[in-house]
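So that you can see what the record holds, here are the features copied from TrEMBL:
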TRANSMEM  30-47  transmembrane segment
DOMAIN    39-287  domain 'G-protein coupled receptors family 1 profile'
TRANSMEM  59-80  transmembrane segment
TRANSMEM  100-119  transmembrane segment
TRANSMEM  140-161  transmembrane segment
TRANSMEM  198-225  transmembrane segment
TRANSMEM  237-258  transmembrane segment
TRANSMEM  270-289  transmembrane segment
Amino acid sequence: MSNLSLVTTFILMGIPHAPALDTTLFGIFLVIYALTVVGNLLILLVIRVDSHLHTPMYYFLANLSFIDMWLSTVTVPKMLMTFVSPRGRAISFHSCVAQLYSFHFLGSTECFLYTVMSYDRYLAVSYPLRYTSMMSRKTCTLLATSTWLSGSLHSAVQTILTFRLPYCGPNQIQHYFCDAPPILKLACADTSTNEMVIFVNIGVVSSGCFFLIVLSYVSIVCSVLKIRTSEGRHRAFQTCTSHCIVVLCFFGPGLFIYLRPGSKDAVDGVVAVFYTVLTPLLNPVVYTLRNKELKRVLFKLKDKTLSQSK
């Protein structure tokens, strides 16, 4: 192995597309990225300034917005560079390590956070009278901290196992960011152990989280059906619908990529766009359009800004 030249730079091949679409795709993804950052910053601002939103649900939503803003920032700017010039496709070995760690850190933290949010909704619907004491500020902080620490550990394992392998030959990554499956294809060693760890580490963890979320919502449905008034049932379902939508958009593509045998480069690249680009944008859109409290505060801030400008 010592006679082989180690790779110091990788080349990101980007999303499969016709060269003529470079400018169009650059414009589309730039707009999506800008809307994602602004949308999530707006949610953070609204939750920060309004004391009525200092509740467990909005505390976890603020964590989610913060994650989505950075998850998009980890992948999209580099993707945009691949549309601009061939030089923009190059990424140093150490930058690739940092990107893979950051992506899996934020992604797995979001996975755990969705699980915690579903548990929060379960307590709110099933135990409304005891909810405040059961989901205290201390409990919220503990749950949120545990999701960040778990995500960090989960990502560290993934990153160490991926980059402990030697990379000495081809350096073209068939993806628009550094992710474990396409990088492992470039390793100059047997990757079967790593592939098994990916399946177990990512697959089992994400599947386990998804199972717990489904379990929470089955319990929620059972509790909602016991509510006598239709208005009460509608309000209870409405608080959970937004969460269900973003969970399906996040877990569906992720499980498709990491849990199926084999890997299709083109398909993986397109599917990955859903949870790296579209889901971070979808969260602020879904939560603001379906949430009366957030809309109320947004209109209040808008009116206040307009009155000050006059």
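If you go along the chain as it appears here, the first residue is 1 and each next one adds 1.
Every residue gets a Cβ built from N, Cα and C, even glycine.
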- CB contact flag for the transmembrane segment (59-80) and the transmembrane segment (270-289), at least three pairs under 8 A: yes
- Mind checking which residues reach the transmembrane segment (270-289)? Cβ under 8 Å, same chain, six or more beyond either end. 15-16, 29, 32-33, 35-36, 39-40, 42-43, 61, 64-65, 68-69, 71-72, 75-76, 79, 103, 107, 175-177, 179, 242, 245-246, 249-250, 252-254, 256-257, 295, 298
- Message: Mean pLDDT for the domain 'G-protein coupled receptors family 1 profile' (39-287), rounded to an integer?
- Response: 84
